[in-house]
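Data block below; observations after.
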Amino acid sequence: MTALVIAEHDGEHLSDATAKTVTAATKLGGDVHVLVAGPDAIAQAASKLGGVTKVLHAGDDAYAKQLAEPMAALIVGLAGDYDAILAPAGTDGKNFLPRVAALLDVMQISAITGVEGPDTFLRPIYAGNAVATVKSSDAKKVITVQATAFEAPSGEGSAPVEPVGEGVELPSVSDFVAEELTHSDRPELQGAKIVISGGRALGSTENFEEYIFPIADKIGAAVGASRAAVDAGYVPNDYQVGQTGKVVAPDLYIAVGISGAIQHLAGMKDSKVIVAINKDEEAPIFSVADYGLVADLFEALPKLKDALGA
Amino acid sequence: MKVLVPVKRVVDYNVKVRVKPDQSGVDLANVKMSMNPFDEIAVEEAVRLKEAGTVEEIVVVSIGPEKAQDQIRQALAMGADRGLLITAEGEVESLAVAKLLKAVCEEEKPDVVLLGKQAIDDDRNQTGQMLAALMGWSQGTFASKVEKDGDKLHVTREVDGGLQTIALSLPAVVTTDLRLNEPRYASLPNIMKAKKKPLDKKAASEFGVDLTPRLETLKVTEPPKREAGIKVESVEELVDKLKNEAGVL
Ligand SMILES: Cc1cc2nc3c(=O)[nH]c(=O)nc-3n(C[C@H](O)[C@H](O)[C@H](O)COP(=O)(O)OP(=O)(O)OC[C@H]3O[C@@H](n4cnc5c(N)ncnc54)[C@H](O)[C@@H]3O)c2cc1C
């Protein structure tokens with residue numbers, strides 16, 4: 001039994017979620033290899049992950065933007081050697097892995113939150129209102145992993161790095177055109193220890209800047225948002241936390257002016273400590289909050305900033 | 001262009017589903033059903049492309065129970081031209097759905113298949129990608145913008161780092177994200193007109209596709225319950241609790 005984990009990266013850093021996916025792969029009970037389709041530095045980083053016994057490195061530029069068609073062709077070419085193929089359930093893995101699954105005639109097991117055995121997995125359904133235990137009868141398992149449900153592996157490895165991908169015939173049906181990436185000096189949303197999220201009640205980009213960002217910077221938090229705040233254009237799309245956005249599970253999640261719709265809760269209810277600040281004491285967010293403050297955010301946040309000290 | 005829009009009948013997004021006491025699944029008796037919201041966005045996008053003159057025909061297909069007719073009729077009322085219902089009882093897995101859609105694509109020969117990025121019941125996010133793979137077509141997932149540019153389709157995608165734009169050769173599969181558009185409500189006259197639009201019906205068994213599930217659901221359980229905590233009276237009390245009780249600041 002050998003599992004292949006597809007590394008997730010942004011061209012510069014190996015994601016935290018990759019390490020956690022290695023943990024999920026380890027639970028399958030066999031060897032774990034990692035495929036890095038990207039720069040050599042990332043392959044080196046992957047070789048140091050605890051529990052990894054080999055790193056496959058495909059350095060061809062064709063994979064630089066992780067487009068689904070070349071990625072799937074690469075992975076399918078390597079699949080013969082593996083009993084399971086896993087990727088973090090980020091937008092890259094969600095994009096290319098189902099393509100791999102279909103090419104292998106396998107039913108993918110999406111966004112697992114637990115491994116019960118080599119063929120049995122837990123996964124949330126209905127926006128996390130239920131958890132299904134599913135058993136796969138496919139010979140090869142193709143799995144995306146909800147990384148927040150797993151710890152990063154302990155220890156450091158020193159796995160050999162082996163080049164792969166020579167002579168893979170790459171489909172030429174899609175081309176990268178442009179990207180507009182959100183630049184921020186704050187921690188990345190999914191790996192952050194503290195997240196502060198704003199909802200519709202913030203009312204504008206300026207209010208996010210004036211009320212949310214300074215607090216985030218004081219406590220080293222990442223900033224998230226509800227769908228309503230993203231739809232309204234207050235913050236970029238990649239800030240969305242929820243069923244159909246990012247799933248986070250920080251030590252501390254602070255929800256400000258967010259009502260607590262099930263779709264939002266699906267993305268943050270596994271946080272260790274939840275704080276809700278909302279002026280409506282009936283808001284559903286309070287039903288999951290460890291600490292609730294019924295207050296107008298425009299009065300409470302400046303006070304919070306001061307109370308946090310310099 | 002001709003567009004195919006697959007739509008799924010799912011539990012309405014406002015319903016908080018309950019797990020059955022025998023853990024065999026969730027209780028769907030007497031629960032409001034609707035078109036999967038992401039598919040509604042796909043229908044809307046197809047209709048807008050038609051209104052802009054980029055698309056000539058919109059075919060809507062649903063795989064599911066008889067009742068999925070309601071969702072096809074809704075799509076027809078929003079502006080789609082004709083419908084196809086592929087009847088199947090019980091759960092049809094994404095891979096089997098993709099195989100049925102492949103058969104439909106081979107017959108209908110669409111230039112673009114537009115569908116939701118995920119169904120809000122099983123939250124799997126894979127049917128579009130699987131269909132693209134089986135057809136050998138390009139894919140543009142999580143779209144927040146779709147534009148025809150010459151013989152290519154430009155798709156702007158919502159990705160973890162922000163936005164990414166790619167150019168796809170046609171035919172292509174595009175899956176929708178929330179920011180692509182805001183679906184319209186069908187007007188009463190259009191709902192009446194939709195009743196006269198053609199709606200074909202076939203059984204899934206007619207397609208020669210193996211529908212046997214690959215995943216067996218052993219049980220469905222409630223997620224761990226989170227107890228509501230306490231209300232604090234002031235910001236000072238909140239900060240004190242976070243520092244001294246929870247130890248997270
Ligand atoms: C298919 C689908 C997918 C979805 N996916 C997601 C998702 O991934 N993530 C997500 O978040 N949502 C998602 N949603 C949307 C979700 O259903 C809710 O509409 C959304 O979460 C509401 O955002 P909100 O809480 O900011 O806004 P609202 O529900 O409008 O809540 C605003 C809150 O702010 C409070 N408030 C107002 N003024 C103040 C003030 N001055 N001070 C303090 N509090 C104040 C109000 O009391 C209220 O509770 C999805 C919906 C659908 C249909």
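Cβ atoms here come from the backbone N, Cα and C positions, even for glycine.
Keep in mind the model is a prediction, meaning the values are calculated, not measured.
What TrEMBL annotates here:
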type    : residues                                            : note
BINDING : A:ARG200, A:226-227, A:240-244, A:257-264, A:ASN278 : FAD binding site
DOMAIN  : A:3-180                                             : domain 'Electron transfer flavoprotein alpha/beta-subunit N-terminal'
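Positions of TrEMBL features highlighted on the structure.
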| residue | record | Cβ within 10 Å |
| --- | --- | --- |
| A:ARG200 | FAD binding site | 17 |
| A:GLN240 | FAD binding site | 28 |
| A:GLN243 | FAD binding site | 23 |
| A:ILE258 | FAD binding site | 31 |
| A:ALA261 | FAD binding site | 19 |
| A:HIS264 | FAD binding site | 28 |
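Note: A:GLN243, taken in sequence order from the binding-site residues A:ARG200, A:GLN243, A:ALA261, have a C-beta within a distance under 8 Å of a chain B C-beta. The average pLDDT the prediction assigns to the domain 'Electron transfer flavoprotein alpha/beta-subunit N-terminal' (A:3-180) is 97.
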